[in-house]
Amino acid sequence: MEPILQCSGLCKNYVGKTALQNVNLKVERGRIVGLLGPNGSGKSTLIKLCSGLLTPSTGILSIAGMAPGVETKKIVSYLPEHRYLSDWMCAKDLLTVFSDFYADFDMSKALDMLQRLGISLSSRLRTMSKGTREKMQLILVMSRNAQLYLLDEPIGGVDPATRDYILNTIISNYSENATVIISTHLIADVEKILDEVIFLREGSVLLHTPADELREHEGKSVDACFREVFKC
Amino acid sequence: MLSKLIHYDFRSTGRAFGPTYLVVLALSVLYTILNHIPHANSRPLTALFDIICGLYILSLFAMFLLTLIFCIKYFYDNLFKDEGYLMHTLPVTPAQLLWSKIIIGGVWTLASCAVAFVSLWIASLPGIRSDIRYDREFLQFCQQALNKLAENPEYIGVLLLSILTIIAGLIFVELLFYTSMSIGSLVQRHHRIVAVLVLIGFMIAHTILLGILSTLSDIQEVQNFVERVSFSLNEVQEMCATLGCVLAYFVLFIGVNFVINNVIMKKHLNLE
Amino acid sequence: MAWQFSSDRPIYTQLADQIKLRVVSGRYPAGSKLPSVRELAAEAAVNPNTMQRALSQLETEGLLFTQRTSGRFVTDKEETIMDLKSSLAQKVIQEFLQKMESLGFTQEDAAQMVQKAEKREREVS
């Protein structure tokens, strides 16, 4: 099967700023990939390009061999960094919306996760704590049987126990056909579950290697490599 | 997919209109009740009646204003703010997103008109203070129209074309507002001010265009052409032709607005 | 026994070592069926691909084998496990001796101290 994500010569420019320049990437299926880089390195831009929220300035981006559009949105599951759902909606409403629009939404999986986390179907987003809200958003995204999951800072603002839960959900959701791309700063927490890592600096890809290979080569953790590479 | 979007948009917007409609209807009921109470010599009651009358009329205006503002605000919040992250990653095209907003904008406008009409009917139930019967006048108008239709069945075409033109006109006006907001989203700050300026710009542009068209119609050749054409058409066909021209104008600019919105949402999406 | 590994070395080799420990300690007895890759990965909180790589390596080394329909098993050859056990023990001993040497003890001193400590343990229990 073709790689789930392929970029060649991908550039994204804004007025007075180049967010991504000449990005060439090939990400195969069945991987958990870490997209790592400091603020402003272009991580969010790349993820938004893959999810179809932005269009490339030049270059080619293809998801499962297709250009971003309605067909790729059917197979891509995107978790934005911040809140994006209507406050007044309750858990049941959200499940209904997702299952209405996405053919690959697994309602039983979602209900199971809600139950295990003790989130009641009638609880509204506006009354949920920050951690519960993040879990809710994650449940919606991970209950889809998508081919590409794009998680933008999924563990950023939550407590360590929730972090563990989120990482465990990502592992247990693993499928050979699907790839998860995680964009994060919290490398030390996440690196144990990563197959491959991509380092981004100022819109360019610095490296893209398997995590264990990096560890073997450098004799240190991915987190330590990152600190060294991106020393201020 | 479009029906799912419409369903979603209805659920999101319905909660705002319910209370407004209730207030309008309640005021009209209050008005009518007071209208039936004899209070010629009671100063407080007379004063109360006048206040309620004023409030009711105010509420009608407020309802229409709120409908307009709310639909535009919903368009912007849903597509260009946080919720845009959800809407633009759903497997739908920007055209479908736009149509859904147009349809619910139209439906809520019509609903507001219906509520206004019902409340006017309630308020105009024969009472002591006022006996203007809006409903009676409206019914008379409907009766006359139906009679005319019965006499000349070919007027059905005119009726249908009129309805179509009105709907197109409604969509056209909605899109003027929506497109202004979309263009407003392109700037980093002050997007509302930019949107208002763009809207004014559109209105000026259309006024100028209509001015040009009317100047063109003053040209002798054009007038001769129109005379020749209208000579060969009967009354019904002439009305249809006129309506057709208006409809074509609306449809053309609906298309233009659609293209602008599509381009903005596809290529220049700038979520806050 | 919790899975212990650090991020500063390739994880798959550490996982392989941990599985070896579990086999040798009897947690995964000879000939027994191993949990699935997914279960092991979830238990260890690692990527299933990484766990798969560790298991494949152990298969190459002969400690595990796969039966196509039934899954992955620990070898039933007792000698393989015994060999592994002694080589792991050898490593521990070597490390101990090196550490004692860095503290300033000779190998004979170290051996004597071990005997004394073992005697004390027996008296206590």
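If you go along the chain as it appears here, the first residue is 1 and each next one adds 1.
Glycine is treated like the rest: Cβ placed from N, Cα and C.
Annotation source TrEMBL lists transmembrane segment at B:12-34 (among others). Non-local neighbours of the transmembrane segment (B:12-34) in the same chain are 45, 48-49, 52-53, 55-56, 59-60, 62-63, 66-67, 70-71, 74, 78, 104, 108, 111-112, 115-116, 118-120, 122-123, 125, 127, 129; each lies 6+ residues outside the stretch with a CB under 8 Å from one of its CB atoms.
Annotated transmembrane segment per TrEMBL: B:54-76 (among others), in sequence order.
Summarising the annotation, TrEMBL assigns transmembrane segment to B:97-123 (among others). Same-chain residues lying 6 or more positions outside the transmembrane segment (B:97-123) and placing a CB less than 8 Å from one of its CB atoms are 2, 5-6, 8-10, 13, 17, 21, 24-25, 27-29, 31-32, 35, 56, 60, 63-64, 67, 70-71, 74-75, 78-79, 87-88, 134-135, 167, 170-171, 174-175, 178, 258, 261-262, 265.
The list of residues near the transmembrane segment (B:155-181) in space but at least 6 beyond its ends in sequence, with Cβ under 8 angstroms from a Cβ of it, reads 68, 71-72, 75-76, 80, 98, 101-102, 105-106, 109, 148-149, 191, 195-196, 198-199, 202-203, 236, 239-240, 243-244, 246-247, 250-251, 253-254, 257-258, 260-261. Taken from TrEMBL, the feature transmembrane segment covers B:155-181 (among others).
Here TrEMBL flags B:193-216 (among others) as transmembrane segment.
Residues annotated as transmembrane segment in TrEMBL: B:236-260 (among others). Same-chain neighbours of the transmembrane segment (B:236-260): 95, 98, 152, 154-155, 157-158, 161-162, 164-165, 168-169, 171-172, 175-176, 178-179, 182-183, 206, 229-230, counting only residues six or more beyond its ends whose CB sits under 8 Å from a CB of the stretch.
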